[in-house]
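Per TrEMBL, the features are as follows:
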- 22-142: domain 'C2' (DOMAIN)
- 184-305: domain 'C2' (DOMAIN)
- 346-472: domain 'C2' (DOMAIN)
- 601-634: transmembrane segment (TRANSMEM)
- 716-746: transmembrane segment (TRANSMEM)
């Protein structure tokens with residue numbers, strides 16, 4: 001496979017005309033200061049009164065037609081109304097204006113030909129300009145006139161002004177560049193929208209025991225287990241070892257639930273009477289809204305629940321039962337955990353579920369989605385390629401979707417969004433998609449929005465209060481290789497409200513403390529993450545306009561844990577890249593031992609003798625050396641955000657057969673059952689090995705990033721620490737330091753706590769090259 005030129009995949013710095021050029025120092029003055037201003041002519045059609053009747057029947061079915069050159073927008077029509085009220089806004093792009101007169105015509109809807117009622121003309125040179133935060137322009141009454149200019153009966157209330165995309169009317173307006181889109185559903189599908197992820201909780205069901213079960217066959221020992229089901233989730237306990245009608249389990253089941261709590265938790269006690277046959281001994285339905293909400297690890301009171309053969313549905317009368325089997329449980333909603341719904345490497349939010357445990361924000365992230373260049377045609381229309389592109393950005397619980405730009409390979413969005421930042425060691429993801437639902441959506445659900453590419457930016461790699469304006473390559477891996485789908489231009493600014501608070505964050509645990517005091521297993525986390533992503537994608541796909549499942553899953557990197565020979569190779573070479581420094585030191589030391597360079601060897605001998613004679617110089621020298629390296633590397637610190645790296649991801653030199661394996665379904669589509677079983681087993685085991693290898697590479701790269709200035713705050717903290725440590729260790733006797741270190745390492749368990757130490761927290765927050773992985 002021919003390797004494309006590497007410069008095609010590089011990050012480029014651009015100089016857009018942000019905020020209309022209103023730049024004062026490092027800050028920009030308007031609220032839309034990270035995007036280029038786009039001028040629009042806005043026409044708000046409010047209502048009409050005293051319209052004349054044109055039909056033979058004497059009725060009037062009025063609608064308004066707003067026309068500017070070749071662009072024409074219409075309001076809905078009202079039947080038999082002489083005083084209609086529309087309250088619609090039309091926006092005409094100034095770039096595409098081909099006329100100097102705006103014509104607003106009122107017409108009467110008719111079966112054969114619509115009747116002309118009257119019109120209002122506006123000279124565009126006379127239209128006033130309005131820039132927020134100015135108050136909205138008040139609409140005025142205008143008398144209708146004939147084409148000849150003679151005034152006629154009827155008045156129209158209008159407001160006409162020139163504005164920018166910062167105008168409040170912009171999101172809901174009809175746009176002239178979307179004139180080809182038909183229907184209310186189609187128009188809804190192209191508008192910009194802000195979404196919020198549902199609030200997710202972990203539901204812990206501690207199944208303790210059951211009493212007085214009544215199995216059908218009383219002549220055998222029952223093999224009883226408990227099944228918990230909620231929506232699409234179903235978990236079960238192990239079979240009780242007590243083998244009686246009073247079984248015991250004391251087992252935890254963890255599920256993911258989302259507010260509002262629509263469905264109850266269904267618990268069923270079942271008896272396995274045959275290898276593939278179970279008998280239900282009793283069920284109970286538990287509404288989630290009344291459950292206890294736990295913020296820490298304090299125990300919750302246990303409760304007994306009656307088991308019934310049939311779950312009572314709302315509205316049915318409950319039958320009185322004098323005797324019932326019972327189940328003993330401890331159920332609570334865990335508010336102290338963070339529900340992971342995205343890959344831990346690219347997490348955008350690390351806060352616990354319960355709002356009471358949230359810390360104050362440390363800053364603000366502002367992103368201007370400017371435009372895209374050189375997009376590839378994604379579909380065919382009227383015999384030619386076309387693309388209807390929109391962007392989706394995800395950070396924390398807030399998702400944003402830009403408007404869709406119709407039929408353009410160089411779409412200009414120029415939309416700006418803001419997020420509160422609670423942790424600098426988080427990642428924002430921005431994806432570009434092709435809209436395939438412009439004409440009322442797809443009722444069958446077969447058509448999917450196509451992915452054009454995405455960008456990930458880690459906040460900790462950004463300098464505060466600096467505006468980053470770059471063109472990011474949009475790279476997607478296809479079955480025939482990696483492909484550049486275009487470039488997206490972004491303006492990003494991370495503003496810190498308190499530098500001290502942000503520096504303090506580097507000493508705190510990455511996740512809420514419950515993840516360390518009562519950790520979940522790896523298999524539990526994988527299962528819960530899968531359930532969380534399913535819930536988020538289902539909820540967002542029900543919004544209007546919907547954020548579709550394929551979009552949400554692409555943004556959340558669902559499926560990134562599956563086996564891939566390419567990723568395994570990439571992670572192996574990442575480890576080799578980390579170890580290359582140690583290997584080089586080993587080779588250098590081997591050369592010293594073999595007297596390859598006698599002068600260097602003699603100097604090393606002298607240095608070794610000095611350090612042995614004066615051991616107190618060892619640590620100060622090392623820390624001072626690291627400090628000097630850090631200061632020296634400051635000159636070559638990264639000035640650009642990280643981006644997708646095809647060479648690091650081994651996407652530019654992958655074998656076609658390996659690509660075929662990566663795009664193979666799971667389970668595999670191989671014809672023979674034996675091959676399928678072996679192939680799936682290999683991929684499952686290899687996927688875990690790949691994850692471990694990637695984690696090892698991440699740790700090593702974090703070690704490298706201590707002095708690389710990739711995260712400027714972390715490197716500054718470490719370099720400062722090295723200087724202070726060098727001074728402190730210089731004035732402190734070495735024997736005392738060694739003694740204290742030994743005592744600390746060998747300290748009694750009573751003096752240890754379960755939360756990670758500050759150095760470990762700091763290290764886990766350092767950036768790695770996972771952000772650059774494709």
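Keep in mind that glycine also has a Cβ here, set from the backbone N, Cα and C atoms.
In TrEMBL, annotation is done automatically, which means it is predicted and not curated.
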Helix, strand and coil totals (DSSP H, G, I; E, B; other) for the domain 'C2' (22-142):
6 helix, 56 strand, 59 coil
Residues of the domain 'C2' (346-472) by DSSP state, where helix covers H, G and I
7 helix, 63 strand, 57 coil
Which residue counts does DSSP give the domain 'C2' (184-305) for helix, strand and coil?
8 helix, 64 strand, 50 coil
Residues sitting near the transmembrane segment (601-634): Cβ under 8 Å, six or more positions beyond its termini, same chain?
592, 595, 706-709, 715, 718-719, 722-723, 725-727, 729-730, 733-734, 737
Grab the pLDDT values for the domain 'C2' (22-142) and give me their mean, rounded.
82
